[in-house]
Amino acid sequence: MAWLRLQPLTSAFLHFGLVTFVLFLNGLRAEAGDLRDVPSAGQNNESCSGSSDCKEGVILPIWYPENPSLGDKIARVIVYFVALIYMFLGVSIIADRFMASIEVITSQEREVTIKKPNGETSTTTIRVWNETVSNLTLMALGSSAPEILLSLIEVCGHGFIAGDLGPSTIVGSAAFNMFIIIGICVYVIPDGETRKIKHLRVFFVTAAWSVFAYIWLYMILAVFSPGVVQVWEGLLTLFFFPVCVLLAWVADKRLLFYKYMHKRYRTDKHRGIIIETEGEHPKGIEMDGKMMNSHFLDGNLIPLEGKEVDESRREMIRILKDLKQKHPEKDLDQLVEMANYYALSHQQKSRAFYRIQATRMMTGAGNILKKHAAEQAKKTASMSEVHTDEPEDFASKVFFDPCSYQCLENCGAVLLTVVRKGGDISKTMYVDYKTEDGSANAGADYEFTEGTVVLKPGETQKEFSVGIIDDDIFEEDEHFFVRLSNVRVEEEQLEEGMTPAILNSLPLPRAVLASPCVATVTILDDDHAGIFTFECDTIHVSESIGVMEVKVLRTSGARGTVIVPFRTVEGTAKGGGEDFEDTYGELEFKNDETVKTIRVKIVDEEEYERQENFFIALGEPKWMERGISALLLSPEVTDRKLTMEEEEAKRIAEMGKPVLGEHPKLEVIIEESYEFKSTVDKLIKKTNLALVVGTHSWRDQFMEAITVSAAGDEEEDESGEERLPSCFDYVMHFLTVFWKVLFACVPPTEYCHGWACFVVSILIIGMLTAIIGDLASHFGCTIGLKDSVTAVVFVAFGTSVPDTFASKAAALQDVYADASIGNVTGSNAVNVFLGIGLAWSVAAIYWAMQGQEFHVSAGTLAFSVTLFTIFAFVCLSVLLYRRRPHLGGELGGPRGCKLATTWLFVSLWLLYVLFATLEAYCYIKGF
């Protein structure tokens, strides 16, 4: 691993070794030019040797004098080289802002309605941007913006004449990405572990296009119109970009012929190459009121987007459960923060995130995730410490507490409580009350009452009574109302020296009636044994309730002792401790007792969505009366003839017998915990990486720019705690603080959904890229290097270093290999179609309007393209072979296989650079 951590440094030494070797050969050729064959007519000495005559740059002028002494030349080389490195750092930092804006843009969401298999619908949010489309468009543009813009600026800045720097940088960068980056990713995986590409169809499409892109370059340079790029060739090259994106999207969505490929396929077992399909076949989803992609598999309708949402929820629930088991002493807020950091660390991340993370860790800006976790912890702590004082309220609120009362018919009177809350309790307050008929009538069931409640200074509540009239008639429970009105406060008396004007300027104590200002009194008949019932026929409970309590009411009488049996009955929810604990027993209602409670334990399964039911059933009530009523209702008395007096007494006894009421069976529906569900939803929103990498204000950006933070590694710990910055962090921070402060002026990503930052960043990248192109050209001509060699050796390396670190982090942290190597092929294709296609289209159109042709030298570029294409076939073949069962995936595997693959890829890159350099200096015959 130590070699790996020094990989960029090692690669740099290899570069300098190659440069030294080339310069040495160039010197030998200059001294012994007579030993070589005379160049052909189409190949003069100037084209074979690096020109020492520097040309005017797009932005930078020529450094005069043009023929300096050896000492001045060395000084110029050092200045140009240091300036190149510093400009590469600047481009990396502004590209950090650029990629952050892309992450915010591609993270935009919209609401969709998803149909579940049971026909129900639910509303959720999905990303507007398809992952494959964003990777091939904005993500590829973000990671390859310097190469693409360099090609365009070089052509436009030099009078629409083709140059070697831009195209050679694109090809050289493609070689570095394909061989060095993939080689590093293969090696960094721990021994015995593997990573394989998940979206294999998309990888095949982008890999095919990346190889085709360079074959196409050779065709237009050496076959269709050698040395000339026609308008149609440039436009067609540019047009291949949307075609590539479209086909990759089709493969990702399984459209066209892909929709018939429902099953998993594998090749002949003797060959051993396993090709897997990812995910399930997309089903119906209703989006914006219309059904889209409604394909069916096995008769089930399960939307792909819905499945992805469910998977993310299940993963979040699993994380919360695991953390709760590991840290039972933590409260919910602490668990949420830990789960947030864990989910952010382990979720699949975009290419943009890894690029941003790599740049910030290189420049002393710290680990994004740990900084985010620390900020969230500080925010939570500060919120818990801040207590907002409620504004003083001069108005006293007067109301009933409670607002519902129950009493037996023989109670004599019922007491009602009036409460005042808030305001100045040192004042005397008055409030009137009056009874109103409901189903109970004044004079027959209760005594009409009205009056005034006086709350003296310091009193916050007061009681008053209403008389209840008793009778011996069986009747239903009845109710009446008591209403409050005309609340007022005793007026302030004028003190000595106080005028009415001064008194009016003071905040007067006020009083208002608050809800509930009407109380309901229910009179329970005491002449009947009672009707026993639940309050309703259905009740919804949260699975996190623990023990649910259900009331059984005794209405229309409460005379005597009654036993009511009860038991739980299974529905879709199962008893025996699986979903609830089986419960059964008897409730004993004593004389005048009107309410009993049944308790049932609910098992908390911590599910995001849950809806299961069971029932609680009441049995026939048993009257424990031992008087004449029980005797007349006994079977022995029923068999003999009764007298008229006994018949009347039996009829009255039958009327007073306890019975079941309207709701003898209660359905209990167990639902998900609303608190748990909201916690999961909140966590899913908080794990949006756009919130982590994005910025909300210029203040945040400037504070971040001047703050040095520790880099660290995700794999070091899972706590999310920040470490102290190292010496390297401080050095890199002070080296790059100028760029950080300068680029803090870029609009925050929150503005215009990231588009403002996107536009400003790409303009700055274009300007810096133009300067890099001039510096690289002047550096090359100062030491006698051709632009094509400078591009392959220096510029391609400088623009690819952040991608190297990003891919290494992605390979280690992601479960799949898509983010680390899957984007390499797509990025290589996009570089050609956008970088070269756009530049050559503009130049070809310009010269066509002038009535001339756009000339491009086919020699060096065609040779480099051909060489890269051959080596790319070898690289892709090896990656495909590594999917064999005994290796398991493109990355990692047994140590011996890892080393062999890595050395093969590094060797391919070294050979590419060597052959391209030798061809550029005519040691190898090109095309």
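The backbone N, Cα and C atoms fix where each Cβ goes, and this holds for glycine too.
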Per Swiss-Prot, the candidate from Asn45, Asn130 carrying the annotation N-linked glycosylation site: Asn45
Does the record from Swiss-Prot show Pro68 and Met139 on the same side of the membrane? no
Look up transmembrane segment in Swiss-Prot and report which of 148-168, 337-357, 547-567 it refers to. 148-168
Can you tell which of Glu409, Asp471 has the most other C-beta atoms within 10 Å, given these are the binding-site residues? Glu409
Based on DSSP, name the secondary structure state of Glu543 (Ca(2+) 5 binding site): helix, strand or coil. helix
With every protein chain in view, how many other Cβ atoms are within 10 Å of the Cβ of Asp445 (Ca(2+) 1 binding site)? 20
Asp445 (Ca(2+) 1 binding site) to Glu543 (Ca(2+) 5 binding site) - Cα separation in whole Å: 44
Going by C-alpha positions, which of the binding-site residues (Glu478, Glu543, Glu672) is nearest Asp471 (Ca(2+) 1 binding site)? Glu478
Among the binding-site residues listed as Glu409, Asp470, Glu478, the Cα nearest the Cα of Glu672 (Ca(2+) 5 binding site) belongs to Glu478
Using DSSP, break the topological domain 'Cytoplasmic' (850-860) down into helix, strand and coil residues and give each count. 2 helix, 2 strand, 7 coil
Among Asp470, Glu478, Glu543, which are recorded as binding-site residues, the nearest neighbour of Glu409 (Ca(2+) 1 binding site) by Cα: Asp470
Winner by Cβ contact number (other Cβ atoms within 10 Å) across the binding-site residues Asp470, Glu478: Glu478
Counting other Cβ atoms within 10 Å of each residue's Cβ, which of the binding-site residues Glu543, Glu672 comes out lowest? Glu672
